[in-house]
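Following: one structure in structure tokens, then a few remarks.
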Amino acid sequence: MALGWRCLWRHVRADGGFSVRECPALSRPPRMEARAPRGRRWVLPTALLCLYGFFASLRPSEPFLTRYLLGPDKNLTETQVFNEIYPVWTYSYLVLLFPVFLATDYLRYKPVILLQGLSLIVTWFMLLYAQGLLAIQFLEFFYGLVTATEIAYYSYIYSIVDLNLYQKVTSYCRSATLVGYTVGSICGQVLVSVASWSLFSLNVLSLTSVSVAFATAWFLPMPQKSLFFHHVLRSQVSREMKVLDCKNGAVIQDDPALKRVPGWEDIELKVSLNVEEHSAETQEEKVDILKVLRELWRDFLQCYSSRPMLCWSVWWAFSTCGYFQVINYTQGLWEMVLPSQRFEIYNGGVEAVSTLLGAVAVFAVGYLKVSWATWGEVALALFSLLIAAAVYVMDTVRNIWLCYASYVIFRIVYMLLITIATFQIATNLSMERYALVFGINTFIALALQTLLTLIVVDSSGLGLNIFTQFMIYASYFAAISLVFLVSGIYSVMKNYRRQEEMPSRSTASSP
């Protein structure tokens, strides 16, 4: 489509007036690329990412994993599953997280999302056909790779959308995974309880779903830049906003002397000079690994200098550690309260209800208007206390229905808070180093979880029984609540005193 194009410039006369003339130097108009409106460019990648997250989370067999491993298909013992197999996931997740973080930035997110999809396929294929303790431990390693690469899923979208959309797209992407998990849990419960499907068949269905997710990931747009390894040169940005000297057709560089000329503001005309169609996309700054590590350390110090972001990050790390532990061993607790070999269990239904309600809460967060800067720490303290109470009830009341209800409350509260923490951290960053901060927070959470697993769970440590473990987890969340309650009350009082001092200062300064 041909577009009419003229370059007009203002000629400043000696009397202070001006006349408009056409630039004589350009013989042809520059090539112009058709681009989607900026306000809607985020829709396609967000929709594709949500579709991927939905199918990657639609795994009907997952609520019955412990029952499957203890059953005739794998014929493993409780000690093997709880104290020798499940801890492997924690250790592999911790070891893989930092290399995966660097690979995520170097490969620009999409290839790591594809790696996650492939790892899901390998995990469920091995779950179907692998036999023996060593093979299942190796399976847990691949599942650790799946969870380590989640950082690519949650940080990819931030490299595509603008800052003002962070809260909305965060709620969309998390809601997609939660809805997918809900649908999978409902399907699993219905197929087991009503259709009498075997757990092996459920795993086949899960393998099919993650394969669809892997295929969907191929259609994600490839980001053109990343934080550390693929900088867009500043000269490229300025090239698109050059000042055209219409008198001789030359491009004027930024020159402070020129800007002192009277009428310069009227003379300059900023146009997009796409002289080379690919120049803006192909030039990248070459960055070596040592420079990246130095930049990571510098950005780490700068990012965590913000008190609000530090507060949310501390809660993220410590609460995620406890959340992982509870989630990993909840099925084991239910198995002790009500053995699945002798009774009908409803793990899938409970997972579906908790995830569905959590998805609703997470979606609503995108439209929630609260002054988190003032009340954030107090809210974290109160909700953490609710989490501690839920875990305590799960552990002490040996009734499966009360265990189920407490688990639902536990998951809803955590999902709500972690979503708020996610976009609060993203919007409080002094620079867009979201992947770095998310990676560090998760790494700290895994380091704490590894320590907790080694001491409490692993057979080489204390190897405590499941009920004692959950009492420790309840105490852990209660301690988090106490710390944030003290800090939150201090912050509220400090803000209140500051607001009281402001009128007195303004009165004292007035004549």
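We number each residue from 1, going along the chain as drawn.
Heads up, the Cβ atoms here are built off N, Cα and C, so glycines get one too.
Automatic, uncurated: that is what TrEMBL annotation is.
Some features that TrEMBL has for this protein:
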TRANSMEM  42-58  transmembrane segment
TRANSMEM  88-107  transmembrane segment
TRANSMEM  114-136  transmembrane segment
TRANSMEM  142-166  transmembrane segment
TRANSMEM  178-198  transmembrane segment
TRANSMEM  204-221  transmembrane segment
TRANSMEM  309-326  transmembrane segment
TRANSMEM  346-368  transmembrane segment
TRANSMEM  375-393  transmembrane segment
TRANSMEM  399-423  transmembrane segment
TRANSMEM  435-457  transmembrane segment
TRANSMEM  469-492  transmembrane segment
Between the transmembrane segment (142-166) and the transmembrane segment (346-368), are there three or more CB pairs that fall under 8 A, provided the residues in each pair are separated by 6 or more in sequence?
no
Against the transmembrane segment (399-423), which of these stretches has the most C-beta pairs under 8 Å: 114-136, 309-326, 435-457?
309-326
Winner by Cβ pairs under 8 Å against the transmembrane segment (88-107), considering only 114-136, 142-166, 375-393, 435-457
142-166
So, taking each listed stretch (114-136, 178-198, 309-326, 375-393, 469-492) in turn and counting its Cβ pairs to the transmembrane segment (204-221) that are under 8 angstroms, which one gives the highest count?
114-136
Are there residues at least six beyond either end of the transmembrane segment (42-58) with Cβ under 8 Å to its Cβ atoms? List them, or say none.
113, 116-117, 120, 153, 156-157, 160-162, 165, 169, 172-173, 175-181, 183-184, 187, 206, 209-210, 212-213, 216-217, 219-221
Determine which recorded stretch among 178-198, 309-326, 375-393 has the most C-beta pairs below 8 angstroms with the transmembrane segment (435-457).
309-326
